[in-house]
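Participant: After the structure tokens below, expect a handful of questions from me.
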Amino acid sequence: MAHFLDIPYADGSMRRKSSIASSVLARHYINNASRSINSSCAQINESDKANDTNHKVFVQLNELTGSGENQEWKQTARWIKYEENLEEEADRWGRPHVAALSFHSLLNLRHCLETGVVLMSLEANDLSIVAHRVVEQMVARELIHEDDKPVIARALLLRHRHVNENTHGGIFYGSRRRLSSFTSIRSVKNDSRKPRIIPVVEINGHGGQSEMRLNINDESYTSSQEDIKMCTILKRIPEGAEATTVLVGAVDFLEQPTIAFVRLAEGIPMPSITEVPIPVRFLFLLLGPQKTDLDYHEVGRSIATLMSNEHFHDIAYTADDREELLSAIDDFLEDSIVLPPSKWERQGLLPFEELKARSDMIRLRKKKALDEMIKSKQPPLVTSEEEKKLLTVGGGGGGGDGGSDGKKPPNNPLEKTNRLWGGVINDIKRRYPMYKSDIMDGLNTEALAATIFMYFAALSTAITFGGLCSDKTDNLIGISESLLSDAIFGMVFHLLAGQPLLIIGTTGPLVLFDEALNQFCISNDFNFLTVRVYVGCWLVVIALLVSAFEGSVYVRMFTRFTQEIFSALITLLFIFETSIKLVSVYVRHPLLSEYVYKNITVAPLVPTPCLEVSNGTTSIGLLENNLTMVVNGTLGLVSNMDHLLIPEDARGPRNQPNTALFCTILMFGTFSLAYYLKLFRNSHFLGRTARRALGDFGVPISIAIFVLVDYLTPQVYTEKLSVPEGLSPSDQTRRGWLIPMGGVPSWLPFLASIPALLMYILIFMETHIAELIVDKPERGLKKGSGLHMDVVLLCVINTVCGFFGMPWHSAATVRSVSHVSAVTIMSRTHAPGDAPHIADVKEQRVSGFVVSVLVGLSVVMAPILRLIPMSVLFGVFLYLGIASMSGVQLFERLRLFLMPVKHHPQVLFVRRVRTWKMHLFTFIQILALAVMLAVKSSPFAMAFPSFLIFMVPIRIQMEKFFSPLELRALDSSQPNEGAEDEPDFYEQAPIPA
């Protein structure tokens, strides 16, 4: 059913037009191709107008309120990118949102522009001049009577009231708001030393007199830059932006609506009109009678939304007549999506990503239609290469820039140079000339803050993995080696690396590999540390051979399919290891109804209040039925000797009461607090900076709190972290700092090449994946990467680690993402409603180097480190495992197995892939994961990295069963555009820890 609109004309008659008339839509589609290309040609030929299209626009909507002498323009909405409406009762701006317009109001606006006053490039330096020219044109076009001129001019020059502005003036501009609207601060700028006397206009009403009188008020205003500094909204408005003021309202002296669209030749400051002190370039006026079918508010919102649209306001800046404006409205309508009238439920609306995709499809179909017309040459609309080039750019004003010529970026590290060590040489040539700037860029507050943050992050992980190393290697490699190696080799890496934003250290996969290697050496009676020396020597040989043929470029073959399997394996192993450790605590310290010890010479660890003195003997509360101690200092056992417990063995105390339960509390308490702080990071409490700080420091905070809980509970025994004194090795009785190479069979050095190759696979994957995450295009890094060079440097470092019996090192993905996030400066000038974007990244070496130094100095904290219970570290392992699951799409798809299709989330891999194929892809990953878990649990556990290589040909074979579109949806990195929460470090890193 068509909707109709009564359009007023100058002669006072009312002509009825269809709101979906052919003059609006059908004619537009018929002439669409020629108009688009003609518009493009005009933009090419008029290069002198290019500067105008670079302006950003601030739009505000003012509505006429009040009556009589109390009439004024009241600001009700504003646009920087999104619409913000005034919340009347609270006198504040509402939440920024995408403007939802009435289709009918857009057509009303179009019809108004067809008949109203349109002034392009009006030469004026004051609102009074603009008002005079507008009313003169209205009379000339017979839109108003001659008698209406002074009344409309008076309406234009009424005062303007803005948000948070009381009757005595605004909080930012003081008395300036009390002055007449038409006064420009240009006169003030000429001599800021003298207070300027501001005239206020008084205009006679609708009475036949057309003259205007200017009276002088005794109020003055002196320009001050302090006003601008106080206006916080200015931070959100792009530099060079110009204002568009939309004035709409109903009056009682007009018989029909009248409009004016004005573009000034240059922006004019009008401080009393605009909310912010920026020049005004566009004005839109709509006045009409009280009783009309025209909704002034909706028409005002329509033109304001159009002016905030990048494509439309670019045309508005360069348009020469009203026809170009009308064509721009038609383009806007063509790219819009209309929702049918109905009673909607929120669940019935498509997600924003789907609506955006459909809008893009509309634009793509339009482009294809134009391309077909070009190819058929009916008519021959396009003749120049410049016009063809314009048509290849996406519509909607977004436009593509750099890269539209199809050229690839220079020095792409994932492209081969076909020279021996060509990638390493390019990395050195690209990075080392910037060494001085790497130092200077680190001398700022951002790098200092990053250093403080990363010190706690690096120290907590060094302690955690140092404790894990000690447990997996029977204390041959422990916390002492972990801290020293992180310090020494961290400094070396940040001095020489091609990408110094990476953080290196011991990681979960490397520790698990060391465990498998240790078990292999024990079963074959080899010296574990000596074998590691030869493994380290082979590492550098393998790294040099691979880098010689630029093998790093093949990291692109480790797609999301392989990365998720590897990540899921490490995640599950963390959780499994935590469970095993907790069970072992219950085995050593079982829960019993009574604890009776044999061969005891001192009282077991029980609380002092449990002792009761009676008849010269002391009875222990829990054990009073079975254990009696004589007061003279000797202990005698009078209980049943068959159930006596051993209080201590070679590993330390055992069978201690309350230990198992207390360790459970410490472990799950550490995990729960760290995980809660992770969730708190994206909550709505506190400010963004405070939330991020608490979330990012979640692990150190949790460790500190539960170490304090353990310290305040000395009555319960807990196993503590083993830390030697000073710079001593973890176990001085079994090793020194320099590991001997002798005492092994002559064939063992050659056999060590096999575990070295497996170790290299882990280092290769972890380091290169971390490099690619840090060097994501959206970060805008300018100094290049070290994709080829850094893995060689790490293998050289690991060779030295082998000689000194220190843990292996690779790029730690989560810590590297934390570091680059800490030195990233987010925008503070983005539009309200927009997510902050990356403004700059401090690419430097200073923060990482200083963090390494501080970690090394932490060796002097040995007395404090010895207070850390191992159960607290178990909680950190559990946190690493659980937190890493949030970034693995495999676990998300696992949930869909048990979920009806109608409840599946509207994500790309659900919308673009049939359900059974999605489940097949998930099943293949689960099967591969099960195989790797079986290998890791077998005597061949050391070979589990080789199965990562086998995942590559499996993934290639899957191309026979899945289409490229399906694989792109299931196996590619997808932007997180629809998520409200900012992804944390674990969601950004495909490999945990």
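Cβ coordinates are placed from backbone N, Cα and C, and glycine is handled just like the others.
Take a look at what TrEMBL says about it:
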type	residues	note
COMPBIAS	393-403	compositional bias 'Gly residues'
DOMAIN	55-345	domain 'Band 3 cytoplasmic'
DOMAIN	419-974	domain 'Bicarbonate transporter-like transmembrane'
REGION	392-416	region 'Disordered'
REGION	973-993	region 'Disordered'
TRANSMEM	447-468	transmembrane segment
TRANSMEM	488-513	transmembrane segment
TRANSMEM	533-553	transmembrane segment
TRANSMEM	565-587	transmembrane segment
TRANSMEM	659-677	transmembrane segment
TRANSMEM	697-717	transmembrane segment
TRANSMEM	737-765	transmembrane segment
TRANSMEM	846-865	transmembrane segment
TRANSMEM	872-891	transmembrane segment
TRANSMEM	918-935	transmembrane segment
Participant: With pairs fewer than 6 apart in sequence excluded, do the transmembrane segment (737-765) and the transmembrane segment (447-468) have three or more C-beta pairs that lie under 8 Å?
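Facilitator: Stretch pair does not touch.
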Participant: Under 8 Å, at least 3 Cβ pairs, sequence separation 6 or more: does that hold for the transmembrane segment (846-865) versus the transmembrane segment (659-677)?
Facilitator: no
Participant: Which sequence positions outside the transmembrane segment (697-717), separated from its termini by at least 6 residues, show Cβ-Cβ distances below 8 Å to it?
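Facilitator: Tertiary neighbours of the transmembrane segment (697-717) are 453, 456-457, 459-461, 463, 589, 605-608, 653, 656-659, 662, 666, 669-671, 673-678, 681, 867-869, 872, 875-876, 879.
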Participant: Counting Cβ pairs under 8 Å to the transmembrane segment (872-891), which of 488-513, 533-553, 659-677, 737-765, 918-935 comes out on top?
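Facilitator: Top-ranked stretch among 488-513, 533-553, 659-677, 737-765, 918-935: 659-677.
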Participant: Give residue numbers and ranges for long-range contacts of the transmembrane segment (737-765): same chain, 6 or more residues beyond its ends, CB-CB under 8 A.
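Facilitator: Same-chain contacts beyond the ends: 509-510, 513, 517, 520, 526-527, 529-539, 541-543, 546, 552, 555, 558, 563, 566, 729, 791, 794-795, 798, 802-805, 808, 810, 942-943, 945-946, 948-949, 991.
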Participant: Along the domain 'Band 3 cytoplasmic' (55-345), what average pLDDT does this model show?
Facilitator: 74
